[in-house]
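Colleague: My structure is below; once you've seen it, I'll send some questions.
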Amino acid sequence: MYDRAPRWLDLANRGSTEEHVGPGTYQVPFPKQQATGCYAPFLSLSSKKDAYVVSSDPGKAVPGPAHYNVSQAQYKIKGGRTLQNREKRFKKLISDGPGPASYDCPYLGTLCIRIRQKICRKPAVSRSLDIPSIPSSGKSHGYHLNEDDTIMRRTPPSSDKTMGPAYYNPQFDYPKASLKYKGVNFGIATGRQELLKYSGPGPGHYDIIQKRKLRYENINIKRDQEHYCYSYVPRLYEEIALQEEKKGVPGPGKYNIKSQFDHIKSMSTIVDASSLLFFPETERFEPIKSSTPAPGTYNETRTAFKVPKKRSGLFSPFGQRAARFTEDYKAHELPGPGFYDISTNIVKAQVKKPHLKKKMKTGFGSSVPRALFAVQEKAFAGPGPSDYQVVRGIHDELPNLMNKYAAFLSREERTTPVQEMSLPAPGCYDVQKSYDMSQVQHNYMPPRSSVAKQRHSSFLSAAPRCLGKISDGPGPATYNPILMKSGAIISFVKAPRRFEEFQDKFSPGPTTYELSPFFRHSLLKRTYNVTLPCSASLNREHAGHAVQKTRQKYQRERFKHPN
């Protein structure tokens, strides 16, 4: 409602600076924030313009109430617009202090000698007017400016010739409060949002029924690539897949086409020479095998597992054909990566029939292959003669001569049998489920039998299983058990004793005492709340019987002698 913008009047008080000016020579005046009061609206007690801008005519220098244009602020409709950031992003900072170009400093090294002259700081004489913008009553007729710059208030005229308020005709077509827009921001819009129309084909321009054309597809050229007007740039994941496909396809110089004049080496070297006529023992239908060798096919010649040249059995000494560094033959029981046939999903038969192989002459008359079933012949992973231990002692049993795979007719087994263990296999456990039940959720398995259901609550109790030694309670020797003697004749009906012996610490119950019939009938007929004296001893009970007898005797004598 009030325009409280401060007005700075310190520009008139500034003067010139001295010749030599440094950072600590001048002080930049900062305007003081005065407390604003509400007693004068529109800052009417402050000056309207700066003091040094004074016109010769006081009427032009100080505007009156009619000089303000209020219609621009009144008829400006606020609202109805979206929030727009109309403020500048980078503001231009203007300092109130003097800048670097305001000083005239001589350059160093010159012969310019200037006389220090102190510049007069006296400001120019100017007339200052301090007239409130809204005059109060009695001061609305203006002021008179004298020659000595003094201000005198004008007196009101004796008669007023102006028209009164009844002669004015203010035209208020509509109130200014109705000009304030109070709706939504898009309700003031006069235009209508139009849909964008594209110049594409309509629904009837398409040809749904397409004619089938016979296309000849080339492997190296993609189909329908001619209608692409842009180059095909694969994405990252597509480029990785394309590179992997290129690795599997060999290049132009990678093929080795065999000619019909090339000499083909024989692949079967272990077959006997007598069986080479017309190949009678060759397989009729050979399995489809991949020409790619398995990972364990090749032997590295640079390592210590290099196989020496074969010698005949007559010239090979003991242990000459054995491997120098033996491996663990237990680790080769399972087939390797190259032993599977993907087309038939079975393991390749690496061990052929013994009668198809050429009998090799070896020392000590042993014709058993050294390698295991799942290991190739040239691997030499099986144990040698030096790996066996001779069992000393005389054995009653004969050697197992029927075992054709026993090396050197040894009674020791080549492969130790796997003992059947009662422990389950590693894959039988569910580690995640057991961890969650024991550490996270603490859930117990439900009982699986009727007996377990009865005892299930005992395992869930919080009481300790083994109680400690209780020293406060009585011991076994404290009690005095009464031993009942078993009689020959069993009496089903037993009359209770009239006078029983009780212990000293015995407290009588409600049925311990018995009243006489005389007192019993009198209590039932005459009284309802009677507290009987409790007798803890048997003497008091006997005394009650004696009193009862004396009263009965006294009543009999009274009937006999009424006077």
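Here the Cβ of each residue, glycine as well, is placed from N, Cα and C on the backbone.
In case it helps, Swiss-Prot gives these features for our protein:
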- 131-163: region 'Disordered' (REGION)
- 21-34: repeat 'STPGR 1' (REPEAT)
- 63-73: repeat 'STPGR 2' (REPEAT)
- 97-107: repeat 'STPGR 3' (REPEAT)
- 200-219: repeat 'STPGR 4' (REPEAT)
- 250-263: repeat 'STPGR 5' (REPEAT)
- 292-321: repeat 'STPGR 6' (REPEAT)
- 334-353: repeat 'STPGR 7' (REPEAT)
- 423-438: repeat 'STPGR 8' (REPEAT)
- 473-483: repeat 'STPGR 9' (REPEAT)
- 507-518: repeat 'STPGR 10' (REPEAT)
Colleague: DSSP helix, strand and coil counts for the repeat 'STPGR 8' (423-438)?
Modeller: 11 helix, 0 strand, 5 coil
Colleague: DSSP on the repeat 'STPGR 4' (200-219): how many residues come out helix, how many strand, how many coil?
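Modeller: Summed by class, the stretch gives 3 helix, 0 strand, 17 coil.
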Colleague: Across the repeat 'STPGR 6' (292-321), what does the pLDDT come to on average, as a whole number?
Modeller: 56
